[in-house]
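Per Swiss-Prot, ATP binding site is recorded for 200, 202, 203, 204, 270, 272, 279, 341, and the stated evidence type is similarity to another entry. Feature annotation from Swiss-Prot assigns Mg(2+) binding site to 339. What Swiss-Prot records for 426 is N6-acetyllysine. Annotated region 'Interaction with LIMS1' per Swiss-Prot: 33-139, in sequence order, evidence recorded as similarity to another entry. Residues or ranges marked as repeat 'ANK 4' in Swiss-Prot: 97-129. Annotation source Swiss-Prot lists motif 'Nuclear localization signal' at 363-371, citing similarity to another entry.
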């Protein structure tokens, strides 16, 4: 079968769908020139494939090696329907490539009049200069030039030249396609791992920053007592299900090995510069999580969980809390598969009871509706996002577990919280597990909240 880039170029929707259905395939990977599948589908005008990729979570503002986004390519080639689709999904209309050109530069240069008009109608700047001092309207033929200037002026744009500055994109993050080879290695040679710095150590093991095949990674070395042939076999059997590359809000395990001399089971995952959601909210990272970013994180997590809940059987022993949600370099929240517990890791032990549903604290896992219990955990995450507080921070884990399970301890919603978030929190934290919504039901609610 041809590679995914060829299938997207040629518009082979059936082959693309089959490829996307394999959870080990990463739809945000790049080819040798940094083109993602979405770049190719937009360049070649493959609307059905573009729609499919966006629905599955392709990154809209991903940049190739020349810093072109999919919108640059769709605008250059005059694919008006795709331009409108990308704008609908919040494509950056004034994204700057390595030459300082925005999509409107290309629409004007190639005479894509209707696309140029659409871009201006949606806020594209007509006077922004590239590295060579040229504005988009300088590239347009006379009639289009006058029309665009007139439209821009009516929309309140200042028509004075906006000089090119290297700082146009500073403070924003440039999103590159991921290395497409990383998902090919499930078994990893421990000798190839370069351990750089220990990040953390707790009951379950050690966390290290490392390098592998030229990529920054996180290495998780598990602490397991009485390692045996049976535990080794269970580890090798359970790992492959954690290699989920097909959803942008799920962070896969890249691979695994057993570290000598005493075999320590070891997991490798992508390096996340911001760490976990817990780090971002409670440990003084450099940015503020305002209301709109909080809703964005909530939407990311809901999408990731909606996807995980489609898997049959469910991934067992996955606990949703702010330490098991990682924050990507472009501020995307991703559910970490490296935090899923293995069958041999302290069965029955709860290490983060503040996020656990009361019924899950009271009953055995097999007697609990996992999907409903996850929704309770999500409600606690919503509370954490809007209050910026650690739930029940003044109590020990033992006290939290007992009080939530037996004494009705619940997070209290402080005044001043958005009524929409407040209502959603209450719905998701219904005392009756059967009355809690499913994740695919709350995704559209969060999308509406984000649009506001």
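A Cβ is built for glycine as well, from the same backbone N, Cα and C atoms used for every other residue.
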>> On the 0 to 100 pLDDT scale, where does the motif 'Nuclear localization signal' (363-371) sit on average?
In response: 92
> What is the number of residues in the repeat 'ANK 4' (97-129) that are helix, strand and coil, as DSSP sees it?
Replying inline: 16 helix, 1 strand, 16 coil
> Can you tell me the three-state DSSP label for residue 339 (Mg(2+) binding site)?
Replying inline: helix
> Given residue 341 (ATP binding site) and residue 426 (N6-acetyllysine), what distance in Å do their CA atoms have, once rounded to a whole number?
Replying inline: 29
>> Highest Cβ count within 10 Å among the binding-site residues 203, 341: which residue is it?
In response: 341
>> Taking the Cβ of each of the binding-site residues and counting other Cβ atoms inside 10 Å, which one has the highest number: 204, 279, 339?
In response: 339
>> Could you give me three numbers for the region 'Interaction with LIMS1' (33-139), the DSSP helix, strand and coil residue counts?
In response: 52 helix, 1 strand, 54 coil
> What three-state class does DSSP give residue 270 (ATP binding site)?
Replying inline: strand
> For the ATP binding residues given in the record (200, 202, 203, 204, 270, 272, 279, 341), what is the largest pairwise C-alpha separation in angstrom?
Replying inline: 22
> Is residue 279 (ATP binding site) helix, strand or coil when read with DSSP?
Replying inline: helix
> Using DSSP, how many residues of the motif 'Nuclear localization signal' (363-371) fall into helix, strand and coil, respectively?
Replying inline: 5 helix, 0 strand, 4 coil
>> Whole-number answer please: how many Å between the C-alpha atoms of residue 270 (ATP binding site) and residue 339 (Mg(2+) binding site)?
In response: 13
>> If I restrict to non-local contacts, at least six residues apart, and a C-beta distance under 8 angstroms, what lies near residue 200 (ATP binding site) in its own chain?
In response: 206, 207
